[in-house]
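**Student:** What follows is a single structure, and I will ask about it in a moment.
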Amino acid sequence: MRTATLYRYSVPMEAGVILRHQRLKSRDGLLVKLQQGELSGWGEIAPLPEFSQETLDQAQVAAECWLQHWVSGVESDDSVLPSVAFGLSCAQAELNQTLPLSADYRKAPLCTGDPDELFAVLQALPGEKVAKVKVGLYEAVRDGMIVNVLLEALPDLTLRLDANRSWSRAKADGFAKYVNPALRSRIAFLEEPCKTRAESREFAQDTGIAIAWDESVREADFQVEAEPGVAAIVIKPTLVGSLSRCQQLVQQAHQAGLVAVISSSIESSLGLTQLARLAAWLTPATVPGLDTLDLMQAQVVRPWPDSPLPLITTEQLGVVWHR
C-alpha cells in the first residue's frame, strides 16, 4: 500500500534578504512524504524565485501528477522540473534507504556586512577556515578591498567568492586590482565573475584568481571539463535536478580534476539536512555551502543540529494533496 502527502510551507525571512532584483520576504515550498508499508521518505520541492526556471505553482502541478502515478504503482521518470526532480528523488532515496544518514554539518559561513564583524566571526571558526563572501552587490573596488583586508588579517583563511555574473570585465579587473597578488591563491574560487563564460575565463587567466562555474552548470550547452583557471563547479540540487543528476555532475567534476561543492538554494531546514547528507556522501573532502538557515525565522519538520530557531511541525503545515 502506497500513500503520499504534499505539504506547503511558508517561512518568514529575516529582513534584508535580497535575491538578484527583489527582496525575499518569505521562503515558500512544498514537502513531500512518501509512505510504503512501514517505510517513509521525505523530500523538499522549493523553486527559488529569480533562479529556478519553474514557479512553485508549476512545481506543485508536476509533483501532484508524479505522485498520482506513484501511489497507483506506476513508476515515472524524473520530472523535467529540477526542484521537483530533486525533492521526489530525495523522498524515494529515503524510502528505499539509499540516502546515507551520515551528514556533513560543516558550513562555509556566508559573510555579508561590516568587515570588523566578519573578522570576529571568521577568527572564531574552528578547524579549516573557509568562508563565502557575496561580491558584486556594491562597488567592485570596495569588494576587492574587503577581500584583501580579510585575507591579510587571517593568514589561515580561504575564501569562496560569488559574483553571480554581475560584473563587466572592466569591473572584475577593478576588483582584482585591489587584491594583493600574493593573497590571490587563498581565493579558492570566484563564482562566475563576468556576464559571459568567455570573459570569466579570460579574467581567471589574466589575474590568477581561480573561478568556479555556478549558473553555467544549469545551462544546456555546459560541459564539465578541465580548463585553465577553473577550479570548481557549484552544484545546487534544487536548481540542477535529481540525486542521480547531482551524482553524475560530481563524478564528472572529480574526473576532470575539479572540486565539486554541494550548495544551498535557501531550502528549509529539512532540505538543508538532506543536502548535508548528500555532501557527506558525494563530496566528503569538501566543505559544503549550506550556511543559509539563519536567513529564515523558523525551521521546518527536521531541525538542523544546534539551531536555536523554532521548529514548524508537520501538524502546523497545510496539506495540499493526499492519496
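Numbering starts at 1 and runs along the chain as displayed.
Glycine is no exception: its Cβ is also placed from the backbone N, Cα and C atoms.
Sharing the features that Swiss-Prot gives for it:
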- Lys134: active site, proton donor (ACT_SITE)
- Asp162, Glu191, Asp214: Mg(2+) binding site (BINDING)
- Lys236: active site, proton acceptor (ACT_SITE)
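How buried are the listed features, and what sits near them?
**Tutor:** If you take the C-beta of Lys134 (active site, proton donor) and look for same-chain residues 6 or more apart in sequence within under 8 angstroms, you find Leu110, Cys111, Thr112, Leu161, Asp162, Asn164. Secondary structure from DSSP puts Lys134 (active site, proton donor) in a beta strand.
For Asp162 (Mg(2+) binding site), the number of other Cβ atoms no farther than 10 Å from its own Cβ, over all displayed protein chains, is 22. Mapped onto three states, the DSSP output places Asp162 (Mg(2+) binding site) in strand.
Residue environment of Lys236 (active site, proton acceptor) contains 25 other Cβ atoms, counted within 10 Å of its Cβ in all protein chains.
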**Student:** Using a 10 Å cut-off on Cβ-Cβ distances across all protein chains shown, tell me which of the binding-site residues (Glu191, Asp214) has the largest neighbour count.
**Tutor:** Glu191
**Student:** Cα distance, Lys236 (active site, proton acceptor) to Asp214 (Mg(2+) binding site), nearest Å?
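**Tutor:** About 8 Å separate the Cα atoms of these two residues.
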**Student:** Sorry to bug you, but what's the C-alpha spacing from Glu191 (Mg(2+) binding site) to Lys236 (active site, proton acceptor), rounded to the closest Å?
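**Tutor:** Answer for this pair: 13 Å between alpha carbons.
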